[in-house]
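Found this in Swiss-Prot, in case it helps:
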type    : residues                              : note
BINDING : His70, His72, His225                  : Zn(2+) binding site
BINDING : His70, His72, His225                  : Fe(3+) binding site
BINDING : Arg79, Tyr137, His164, Gln228, Thr317 : 4-imidazolone-5-propanoate binding site
BINDING : Tyr137, Asn314, Gly316                : N-formimidoyl-L-glutamate binding site
Amino acid sequence: MSATNSASTLITNIGELMTQDMEHRVLKDAAIVIEGERIAWLGSTKDAPAADENIDAQGRAVLPGWVDSHSHLVFAGDRTAEFEARMAGESYSAGGIAVTTGATRSVSDDELTRLVRDRVAEAVSQGTTYLESKTGYGLDVENEARSARIAAAEVDEVTYLGAHLVPDGSDPEEYTDLVCGPMLDAVLPHVRWADVFCERGAFTEDQSRRVLRAARDAGLGLRVHGNQLGEGPGVALAVEFAAASVDHVNYLSDKDVLALAGTWAGWDPATGAGTKGTVATCLPACDLSTRQPLAPGRELIDAGVQIALAANCNPGTSYTSSMAFCVTTAVLQMHLSVHEAVRAATYGGALALGRESGNDVDGERAVGSLAVGHRADLHMLKAPSATHLAYRPGIPLTGSVWRAGVRVV
């Protein structure tokens, strides 16, 4: 997902420019200038400077591009039979991961690359401009390394998820040793993050702690799948290891909420200054597909926890890349305001990936908000305001998309 462009572009007559900057500005009759890959200026249309190219937004809304901080794009096959069984009343368990692992191992590098590339294109066509993807359907050294290498060529952020499930026939402790040793070494050149599925039927608290400790010692940022199927140790582990995010968070005790809120006590939401805490990443499309309770996004926000929304595209529990669907669900079912939901799907995702601030972090500009110096990732709607995302559920409202200053839709 890379492109360059050195010309300047001026977009005027923006009906609503939802910046998602630290001031939460929403500008009316606005304009924005893109130079190369960065935002060079934004303000009122009447004050707009000249540029090489001029685009009239005709009153449409412009948002930051979606930042999808949780997906599983490196896979082959599907699990429609599992979905149908679940809709008929069977409960979700993590066992279907093994089905996808077999299908993924069976395809060539070229075919797996094509599949990932097609999924990225689908996401971009709906306004996603920054994408994370995990490994986790290889589950041996060779195939996890292959998944990481392919993902690194196609998405913005790669997360190592060898600790997704213990493969059939493997000893859990021996497999955890593999995840913490040779498999970790094999993926390191391609990944920035490590994750663990800390849940019944997957990895125990002690096994998860070993995985997180090994990944931290290897210099990787940390993420946790936790509290999806019931209350458990996932949130506490994420807090203990200062993980960037804990994802799913469907079942939270009061203690879990307080612990997450405590990680944000030293961070100023008005300026972004101070020590960041652990983001709670909500995955509403997954919750609907698995018929789990929706994550308590409203409660988390009210407690002072920063949240993200992500699509969790995967073949078993959330086969969608539609961030707009997640925003709609957050507004209609999770009781977030439109502004809160859009912020969680843009700035919140950037926060969960450590890409929310600074103009040069590992060679990447800040994403998830619209401000001078940030990467020019824009999502223009076929509507005058972001409210239409929830007001008109299911309607494809993406009009135009710019990624790193290049118009891609």
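Glycine is no exception: its Cβ is also placed from the backbone N, Cα and C atoms.
Could you place these features in context, so I can see how deep they sit and what lies close by?
A strand conformation is recorded for His225 (Zn(2+) binding site) in the three-state DSSP classification. Within 10 Å of the Cβ of His225 (Zn(2+) binding site) there are 30 other Cβ atoms, across all protein chains.
In the three-state DSSP reading, His70 (Zn(2+) binding site) counts as coil. Just so you know, the Cβ of His70 (Zn(2+) binding site) picks up 30 other Cβ atoms within 10 Å once every protein chain is counted.
Non-local contacts of Gln228 (4-imidazolone-5-propanoate binding site) by the CB criterion (under 8 A, 6+ apart in sequence, same chain) comprise Glu199, Gly234, His248, Val249, Asn250, Tyr251, Gln292.
When secondary structure is read from DSSP and collapsed to three states, Asn314 (N-formimidoyl-L-glutamate binding site) falls in the strand class.
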Using a 10 angstroms cut-off on Cβ to Cβ distances, just flag whichever of His72, Arg79, His164 is the loneliest among these binding-site residues.
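Comparing Cβ neighbour counts within 10 Å for the binding-site residues His72, Arg79, His164 gives Arg79.
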CB neighbours of Gly316 (N-formimidoyl-L-glutamate binding site) within 10 A?
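That number is 24.
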Determine, using Cα-Cα distances only, which of these binding-site residues is closest to Arg79 (4-imidazolone-5-propanoate binding site): His70, His72, Asn314.
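It is Asn314, whose Cα lies nearest.
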